[in-house]
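Below is one structure; the comments refer to it alone.
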Amino acid sequence: MTEPKKLFIKTYGCQMNVYDSERMAEAMGGKGYVQTDTPDDADMILLNTCHIREKAAEKVYSELGRYKGLKADKPDLKIGVAGCVAQAEGQEIMRRQPMVDLVVGPQSYHRLPELEAKAREGKKALDTDFPEDDKFETLKNRPKAKRGPTAFLTVQEGCDKFCAFCVVPYTRGAEVSRPAGRIMDEARELVERGVRELTLLGQNVNAYHGHDKGLGGLIRDLAKIDGLERIRFTTSHPNDMDDDLIAAHGDCEKLMPYLHLPVQAGSDKILKRMNRSHTAEEYLKLIERLRAVRPDLHLSGDFIVGFPEETEEDFQDTLNLIKAVEYGSAFSFKYSERPGTPAAERPQVSEEEKDDRLQRLQALLKEQQKALQDAMVGREVSVLFEKTGRMTGQMVGKSEYLHAVHVEAEGIAVGELAKVRIASSGPNSLKGVLLP
Ligand code: 5AD
Ligand code: SF4
């Protein structure tokens, strides 16, 4: 028997890239590749890249530089760049870094096996099309290996919102939803393979329209699958939160009480310039409606500080919005100019100002996050166990609010759901005791 070829994938960026990397590994599995966790013994290296913020392309070029020695020792080694930097830079990558054999955009990675074959013939292979064929269908025949208890499932891709700072509508293209029937099939298959919790992914997941009742309808159908215990979804836009999806947070038990709902800024002037098409007030009203149906809902958000022409007063509006919401977790970034996006043309805020605002914003978010985590002490939560802890007899899982929870428990298995009483709150996780 011949040795299987080895594939090393390095994933940058969002959860959708994590999902895409899994699918790329599966596509290459069909060609006899197995995954390896080091580039040193790989026959093929793929960088699955992200273009959302600054220096993304530079990071990719410097990472590629590190593989020069490997390629010199092993001329058969094939190197590919996938994902959003591949989409944005295209041919330029091979021009700047001639050792790259193939470049594949996020919409064409189902063509990876053909591209690899072309690269093996010594040719350069590039595909950054937005093809008509359905990449998910082409990748359907995945190996049926056992899976861990949690999985991502892409239901929607692309974005039509064109926020003034964002490259996603250009790199991932227009909004496309996968048909509900196909998602149901994939979900059932994942559950058969051991998955208990699904996170539905989309750049604008709540704009999903592959089901006649939208994302809420899809979630309610998924909830009927026996063995599937938990459903989450990310990332949402406030304007696509329809009545049924809001209601599902109150009446669909399997939908977890944690919602990532980015607002980006709290000043109406900045929101308008960001082309967000909603005001701070409208966002707060929406949160109120969600909390009316699910009072314990934990909220998470994304924030950008130092958007062009943001004043200290505008920034204070963002802090005030954060105070009004009380987030359970959040991601925050300094605005970074993305070539080709409208905001890149506007007068920029100084780097020092951005640094200072980011620090102040993160201090507030950290305080809120800690307060909400500490408030879990004494409460009963449900935990889905995902792995064994570093100490013997310790298990680690996630609560419904996405807090990491450690318990000392013999005999509990990965994939089990159990009730836990929270006993203490540490820097990044909770500790609890298993309830009978
Ligand atoms: N600069 C800073 N942050 C950005 N994001 C998107 N584009 C930019 C940019 N140009 C952030 C937004 C988005 C998250 C995924 O990344 O907050 O919600
Ligand atoms: Fe980017 Fe999200 Fe705005 Fe779409 S909605 S343009 S993905 S920030």
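Cβ coordinates come from backbone N, Cα and C, glycine included.
Looking at 15-42, 211-238, 323-350, 351-378, the range tied to coiled coil in TrEMBL is 351-378. Remark: of the binding-site residues CYS14, CYS159, CYS163, CYS166, the most isolated position is CYS14 (fewest other Cβ atoms within 10 Å of its Cβ).
Around the Cβ of CYS50 ([4Fe-4S] cluster 1 binding site), the number of neighbouring Cβ atoms within 10 Å comes to 19. The domain 'TRAM' (374-436): residue composition by secondary structure is 1 helix, 34 strand, 28 coil, according to DSSP. Counting residues 6+ beyond its ends, the coiled coil (351-378) has Cβ neighbours under 8 Å at 298, 303, 305-306, 310, 315, 318-319, 322-323, 326-330, 332-335, 399, 401, 403, 421-425, 430 in the same chain.
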